[in-house]
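Colleague: Structure incoming, see below.
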Amino acid sequence: MKPFDIIIVGGGGAGLYAAMEAMKTNPSLNIAVLSKVYPNRSHTSAAQGGANAALANTAKDDSVELHIFDTIKGSDYLADQDAAEVLCTEAPKIIRELDNMGTPWSRLDDKTIAQRPFGGAGRPRCCYCADKTGHTILQTLYEQCLKKGVVFFNEYLALNLSVKGSRSKGLIAMDIKTGKIEAFTARTVIFATGGYAKMYWNRSSNALGNSGDGQAIAYRAGIPLKDMEFVQFHPTGLRKSGLLVTEGARGEGGYLVNSLGERFMSRYAPEKMELGPRDLVSRSIETEILQGRGFDSPAGKYVHLDLTHLGADLIRQRLPQIREMSMYFEGVDPIEEPIPVRPTAHYSMGGIDTDNQGRTVMEGVYAAGECACVSVHGANRLGGNSLLDILVFGRIAGHTAAEEARSFEPGNITDAELKEHAEEIRSYMQPSGHYERYGALREELGHTLGTNVGIYREASLLRKGIEEIAALRERFKKVRVFDSSDVFNTNLLQVLELRNMLDLSETVAAGAYAREESRGSHTRTDFPTRDDGKWHKHTMATLVDGKLELGEKPVTMGRYELQERTY
Amino acid sequence: MTVSSEQHIEGKRDVTFRVFRLNPQVDSKPYFDDYTIPVERGITVLRALNYIKENIDASVSYRVFCQAGICGSCGMRINGISKLACTTQVWDELPKCREAGIIKIEPLRNLPLLKDLIVDMDPLVGKMKHYRNWVESSMPEPEMGKKEFLVSEEEFSRYDKATDCILCASCVSECSILRANKEYVSPAVLLKSYRMNVDTRDSLHDVRLAELVQDHGVWDCTHCYRCQETCVKNIPIMEAIHGIREDAIECRGLKDTAGAKHAEAFMSDIEKKGKLVEATLPFRTNGVAWTVKNLLPMAVKMILKRRTPPPPPLVKSSKGMKQFREEFREMTEHVKDDHKTHNK
Ligand SMILES: Cc1cc2nc3c(=O)[nH]c(=O)nc-3n(C[C@H](O)[C@H](O)[C@H](O)COP(=O)(O)OP(=O)(O)OC[C@H]3O[C@@H](n4cnc5c(N)ncnc54)[C@H](O)[C@@H]3O)c2cc1C
Ligand code: SF4
Ligand code: SF4
Ligand code: FES
């Protein structure tokens, strides 16, 4: 294969926007998108709520300024203020651009794009398409890419970067349909592989493939990761699958009830009760469970989200989706029984460290979307800001790579490198010395992260978590892939994804252990307050000689001074 | 349902999954493997497959991603019907088993098989490209991002439901024409084409329509309603198919295909007289079957819209006429039902 000018890894919102923008910037470039699932299957499709932009259609007094402020405050002042400014300034343009390309935004009476209120935003500025916003954005982008003739390598799994000195020569990937390891020599590579919250396994709302592959590949290649300890939890995930029950259920008057039959939110937020802010509700549920007032089941401990008192009519009319979810995935009809829920890992704020143009420290390597950390979300992402993030910074990264691609010489990926990868994969299939079951390792990783690196963190728990992760990584060396076929070996995929999650989980736990303060999504019971003197800075995790090294990076300030974050 | 409510109380039982297997590397023909596992109430078919893969046979292969019914990866045939494994409860399938306690799992039909439950989606993507399933914006690219299009609620509602499609290919798998003709456009692609054609921001309507009335296009559909009955998102796909046909007839310059020509005479008859006259009924030349599948649904729809009572076809009854009357009555019921369920 002839060398590519740009290889984009990932066909979610970030990857597709990057592809379109790169083609627009320089139509003569040889560009391809490589994705482990068909692009329209990417996790962007799961986003229901919407994307923020100060269009001022609904609230006439909204402004980009207000959006910037909400973003920075929401981030608990860990976002880089220049990056947040780019995000919010570009927002109206990008939402209109999507409209111009065919995204079916819901409309107001005056025929303009509709906007609704969303957590942490001072004005209703969340643009939406019913409850399928991410899905329709992704469809639009995929359709436009088909129109423009973007080259896709669908069902290819990126394995590693091929690196020479401080430069990338391209990508090594596996064709899932044939099992063949292939070289993608490229002047530039853009990672757009999405988040890593699936490491919390069935305590996560994410798709199975959100295993942080891009972050892990970058990390193994020596590129630093930033703020990995910040993982956002959503209060109400279904017990068995972690899938999200949206805020609507509580908005319509649902109760949270413990095993003693108490509406326990009266203890934590006597006025707002179930409608307190996300992080507070998550912590309250977790406390109930930790103090033994949860329900127990083989799938783990949980509390009840009770809608039965709302009556069949209201549930059928106003909450049909939530009822459907609960029946599909838990087999529980909320008209008759309460829904079993517990907090669920939802979004990863941390990721590959990039500048505002999408560049990483390695020449020719870029990143965008949930897998990158620019950082616009800091310690806590606002709802509706991450769809925006993937679009804005996806486009920027595509533009930068297109401008810079020709300044890099293409490298040469050797057959020896490919052979090495093929041999490693084959070794997982050898019976001798390989007996660890993937399912058990993955389950245990989810469990240790959930209990030791979860919502509440403290030194002793984190130390335990770090030890357990190290032990799991040791055991992984003996993991066995039981399916030995080349064609669509999904068992092998699971194992390779698990390896990435294991590599990254160490950075999450180590970052959480080091950060002796509470900020945004990171709550240390032993350091319950924000400590700006010591910790107003980013955590950097780099792999040096096979070992994790933690460093730091200052936060870029701007117009907004540090303030206490209260709502 | 009595069976399942007893099981509700019981809460747990053994279920056998009879899974279609074929690994093209080693198998010359497909076979079925039986896996019997304990299943508790509340478990989806997908979770059952995960259990089998993790605990019994790691080589069972299927696609899965979101596990939440939104990505469209896990379409497969469960007890003979194409649907999503991740949104299907094992308990709901038990009463539908042909052999008690055995749930049959097979790959989607009408797409090339790759392995076990995995089929190749490329042909579908190829058709989306062929029929230009994208909005060709009426706004020039340099102008993009500067201002919004204004879209009314009514204009939006024409394509709102169609954008629910997650390309799971369940409808493709059930389509009766596709079984015989793999080149047929496919229900999902008709749906998407329609969605683009009614979008006020699009400028490619005529080109798309011209392609849709060619061979393997919209006139090949038999109106069997299978696609719509199957759709995992309850999208009224037939509305789209009727819509494209009405559109094709109304559109000047596109009438040159045989289908459209007959259709026009037939429809204008109804339009002018509110009734059918045997003399102009095209089944003389095209046969009853053709007329029924291609024209009746539209005619019935037009009549229903106008609220004129379905007109009895005039003139003396011949054998063809009798059959036609029967089909007419049946189709009227179908379309009426459709209106009831899907009208906003
Ligand atoms: C349930 C849920 C609801 C949400 N709701 C909202 C909301 O309302 N508003 C909002 O702003 N945000 C929301 N989010 C967050 C938002 O959806 C995501 O942050 C965003 O979609 C991520 O987009 P992305 O393009 O970065 O990655 P993704 O869409 O995850 O795409 C990643 C791509 O990378 C590919 N890939 C990954 N690894 C590899 C590999 N090794 N080789 C090849 N390809 C690979 C995948 O195939 C995929 O195409 C929600 C998230 C969840 C889970
Ligand atoms: S109605 Fe038409 S498109 Fe739908 S399944 Fe039948 S033949 Fe196929
Ligand atoms: S129309 Fe329905 S069944 Fe067909 S692909 Fe779309 S969602 Fe699936
Ligand atoms: S796994 Fe995504 S729809 Fe079933």
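Note that the numbers count up from 1, one per residue, in the order the chain is shown.
Just so you know, glycine gets a Cβ as well, placed from its N, Cα and C.
Pulled these from TrEMBL:
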- A:R278: active site, proton acceptor (ACT_SITE)
- A:10-15, A:35-50, A:D213, A:E370, A:386-387: FAD binding site (BINDING)
- A:H234, A:T246, A:H346, A:R381: substrate binding site (BINDING)
- A:5-387: domain 'FAD-dependent oxidoreductase 2 FAD-binding' (DOMAIN)
Colleague: When you measure from the Cβ of A:R41 (FAD binding site), how many other Cβ atoms are you left with inside 10 Å?
Modeller: 31
Colleague: Take the C-alpha atoms of A:A14 (FAD binding site) and A:H234 (substrate binding site) and report the distance between them in angstrom, rounded.
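Modeller: Just about 23 Å between their Cα atoms.
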Colleague: Just the number: how many Å between the Cα atoms of A:H234 (substrate binding site) and A:R278 (active site, proton acceptor)?
Modeller: 6
Colleague: Can you figure out which of A:T246, A:R278, A:H346, A:R381 (the recorded positions) comes closest in space to A:G10 (FAD binding site), comparing Cα atoms?
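Modeller: Given the candidates A:T246, A:R278, A:H346, A:R381, the nearest one is A:H346.
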Colleague: How many Å separate the Cα atoms of the residue listed as 'active site, proton acceptor' and A:T246 (substrate binding site)?
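Modeller: So the alpha carbons of the residue listed as 'active site, proton acceptor' and A:T246 (substrate binding site) sit roughly 11 Å from each other.
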Colleague: Per DSSP, to which secondary structure element type does A:H234 (substrate binding site) belong, with helix, strand and coil as the options?
Modeller: strand
Colleague: Can you tell me which binding-site residues out of A:T246, A:H346, A:R381 are within 10 A of A:R41 (FAD binding site) by Cα, answering none if there aren't any?
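Modeller: Matched binding-site residues: none.
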Colleague: So which of A:A14, A:V37, A:S45, listed as binding-site residues, have a Cβ under 6 Å from an atom of ligand 1?
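Modeller: Listed by sequence, the hits are A:A14, A:V37.
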Colleague: Hey, how far is A:G49 (FAD binding site) from A:R381 (substrate binding site), Cα to Cα, in Å?
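Modeller: Cα-Cα, rounded: 14 Å.
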Colleague: Counting only residues 6+ apart in the same chain, whose Cβ is under 8 Å from the Cβ of A:T246 (substrate binding site)?
Modeller: A:Q48, A:G49, A:D131, A:T236, A:Q321, A:I322
Colleague: Measuring Cα to Cα, tell me the gap between A:S386 (FAD binding site) and A:H346 (substrate binding site) in whole angstrom.
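Modeller: Checking the Cα atoms of A:S386 (FAD binding site) and A:H346 (substrate binding site) gives a distance of 12 Å.
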Colleague: What recorded positions from A:A14, A:G49, A:R278, A:R381 have a chain B Cβ less than 8 Å from their own Cβ?
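Modeller: Near chain B, no listed recorded positions qualify.
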Colleague: Which whole number of Å gives the largest C-alpha distance between any two of A:H234, A:T246, A:H346, A:R381, the residues noted as binding substrate?
Modeller: 17
Colleague: Please report the number of other Cβ atoms within 10 Å of the Cβ of A:H346 (substrate binding site).
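Modeller: Total other Cβ atoms inside 10 Å, all chains included: 24.
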Colleague: If H, G and I count as helix, E and B as strand, and all else as coil, what does DSSP give for A:T246 (substrate binding site)?
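Modeller: In three-state terms, A:T246 (substrate binding site) counts as coil.
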